[in-house]
Amino acid sequence: MEKMDLNLVSTQTLPRRRAKRGVFNLLRRKTRAVTLGPRLLGTRVKHLLRDELYIDVGLQSAPLVVTKEIATLELLAAYQCWMRGVQAFLAIIVFVLSLLPSTAVVDWTILAVSGAAVLIIMRVYSIKAEYTGLTNVLYEDHRNIFTSPFLLQMLLEILIWCIQTPPLIFFWRPFFELLNYFLFVRLYAVVVYVHNAAYVYRFFCRAMTAVAAFPLTTTFTVRTALAYRKAKVASLATVVSWATLSFLYAKAEQVSLYDGSWYAFQAISTVGYRDSTPVTAAGKLVAFLAWVVSFALIAYLVVIFHRSLVDDTNEHNMYILMRCHRLSHVVREDSARVIQTAWRFHRLHSYPPAGVVRRVKALFCAWDLARRISWLRRERQEWMDATQRFRAIPSTGILEPEQEEQLRQLLRAAQQAQQKADVEAFFRSCVEGRDTLPTRQEVERAVTGNARVENLYSSATDVLGGAGAMMANVDVSSLLKKVEMLESNCSRLTMAMEALAVMAPTNPPSLAQSHS
């Protein structure tokens with residue numbers, strides 16, 4: 001009887017399940033039909049980028065899987081740069097449409113373009129989660145855009161693209177009409193696109209650095225991707241800010257574009273001082289934005305000109321040394337925070353979640369862990385980059401061929417001298433003048449002493465290799481004396497830096513995020 005009841009219940013629920021599956025399949029087919037055009041366009045763009053931007057990596061010392069992975073990283077970086085360019089183009093279109101009179105056609109067009117930009121943002125962050133290799137540790141088996149560690153950044157960008165005047169307004173019309181004045185904020189996509197264009201090959205350069213063991217620094221990347229980046233960024237930011245403020249003031253105060261351009265020029269060049277005063281609330285808002293933008297632009301230009309005028313090699317080396325010292329402490333502290341967060345997540349995730357509160361805690365802990373891992377990895381990259389820049393020439397950021405050859409000769413000579421010194425020291429301490437075999441403790445002491453001398457030689461060769469011009473014939477005694485002098489100077493410098501760090505106020509670690 002019970003079996004008959006179960007069969008009856010299953011036959012009753014089967015049509016419902018089929019109906020639900022039919023609705024889901026219909027919705028899936030409709031969604032795929034609507035998104036067919038963008039998906040085909042994305043596939044075509046990926047093939048185009050693969051044909052145009054593929055760099056043949058044929059290193060004999062690198063396995064085939066490594067070269068394929070390098071090409072994949074390069075393709076993903078170029079694809080993301082292209083998508084950011086499309087988003088920047090849509091941001092410019094939306095800004096131009098916002099300058100037109102507010103009508104139903106204009107509002108609906110802005111809404112459609114904003115929806116397309118939201119889809120592009122989702123695709124950009126899915127690419128970013130793919131090439132960075134970061135995943136949410138709580139959803140390793142179910143990876144999608146909503147379980148990505150960059151979910152909060154994606155939602156923030158989507159929120160920016162959702163702030164606009166709705167096409168249909170039933171109440172609070174004056175308030176909603178003011179929202180279109182904030183559409184200029186979407187021009188941040190232009191800045192992000194310029195940033196990605198400047199560093200489009202950085203992932204490829206990092207991979208080549210790991211494979212070829214060649215010091216490709218940030219300056220090398222900038223010089224091969226986009227020359228004079230600071231000058232171009234400053235010029236582009238000035239022109240875009242001037243044009244944006246001109247159009248906004250002309251629309252807010254209902255004046256000609258010539259008057260708006262003159263007002264924006266006065267506001268930017270004199271840090272908010274001008275000979276005219278806005279009357280409307282929107283005009284006063286534009287005046288406040290002009291003051292903020294002018295202050296930021298002038299401060300940035302002053303810093304650039306100061307660095308270009310005061311460019312000393314000793315100051316550069318001292319700055320890089322202090323930066324390496326600071327990053328070493330930051331990496332140590334952030335590593336401890338990553339370990340603490342990982343242990344907290346392990347305790348929350350080791351047992352099955354008993355309630356909703358525990359699941360929410362595990363979710364937030366997983367997001368925090370992925371975010372801290374991203375910070376730590378970026379800080380370690382900055383630390384390695386600063387170390388390479390300290391050992392390189394400040395003007396070029398990379399070692400010269402003559403210095404590389406001298407460094408190789410110095411290393412070979414130091415290794416040969418070290419091998420001879422090891423053999424002679426071991427023979428004198430354990431074999432010479434003895435009738436019996438040496439004990440294990442004596443051999444260990446001899447090997448430990450030789451290893452300590454080898455460390456001194458390696459540190460000396462590193463310092464001399466970064467400095468450059470030395471002869472291949474190395475005098476062992478003079479080299480050891482120079483190493484001892486260098487260690488004493490470094491110890492005094494470390495004590496002075498620690499004393500300054502004790503007196504100086506401590507700041508929390510940087511919370512800067514990459515816009516790539």
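Including glycine, each Cβ sits where the backbone N, Cα and C put it.
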**Complete:** When TrEMBL is consulted, the range among 233-250, 359-376 described as transmembrane segment turns out to be 233-250
**Request:** Using TrEMBL as the reference, determine which range in 82-100, 196-214 is annotated transmembrane segment.
**Result:** 82-100
**Fill in**
On the domain 'Potassium channel' (239-307), the mean of the pLDDT values is 77
